[in-house]
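Chemist: First the structure, which I've put down as structure tokens, then a few questions once you've had a look.
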């Protein structure tokens, strides 16, 4: 006999299990260059090497050369090399405002000590220390000076003697605050 007609389509079956992940495709073409971002804020100016000026010297041995420039036995810091280790003098490399500080301990063998901060031969400030023999005493002072290029600043011993040992009680330091025109 004849074949009968095809039956109606059956209901849709359930979704099968997910297949494994395929291989990674090739890299797409390079995109177009983006727009420039906004300009950043201006940074602070750096300090050029010729304006990096600072020194710190200390006394590891006693000093008693009266009426002479104080020589320091040790120089811990000498940025720019403007402090002369041999003479104890600082030479200003640029016109500017500088800060100096000095702290001293009097030697036990003397009663009093005078020390002067000198600027081109003129006394800027004095330090005085008094205590009976056999006892220590300390004194300190600081100065802010407007110097011209080539000016010299140093410490001059008056009378008395300074104590110096490995603990470095007597120190001299200075640095450039800012340049002036």
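Every residue, even glycine, has its Cβ placed from backbone N, Cα and C.
As annotated by TrEMBL, compositional bias 'Low complexity' applies to 1-15. Taken from TrEMBL, the feature region 'Disordered' covers 1-47. Residues annotated as compositional bias 'Basic and acidic residues' in TrEMBL: 17-42. Under the heading domain 'C1q', TrEMBL lists 48-181.
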Chemist: Which numbers of helix, strand and coil residues does DSSP report for the compositional bias 'Basic and acidic residues' (17-42)?
Modeler: 0 helix, 0 strand, 26 coil
Chemist: By Cβ distance under 8 Å, which residues at least 6 away from the ends of the compositional bias 'Basic and acidic residues' (17-42) in the same chain are close to it?
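Modeler: Residues: none.
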Chemist: What mean pLDDT score does the domain 'C1q' (48-181) have in the model?
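Modeler: Result for the domain 'C1q' (48-181): average pLDDT 93.
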Chemist: Using DSSP, break the compositional bias 'Low complexity' (1-15) down into helix, strand and coil residues and give each count.
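Modeler: Counting residues per DSSP class in the compositional bias 'Low complexity' (1-15), I get 0 helix, 0 strand, 15 coil.
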Chemist: Under the DSSP assignment, what numbers of helix, strand and coil residues are found in the domain 'C1q' (48-181)?
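Modeler: Summed by class, the stretch gives 3 helix, 72 strand, 59 coil.
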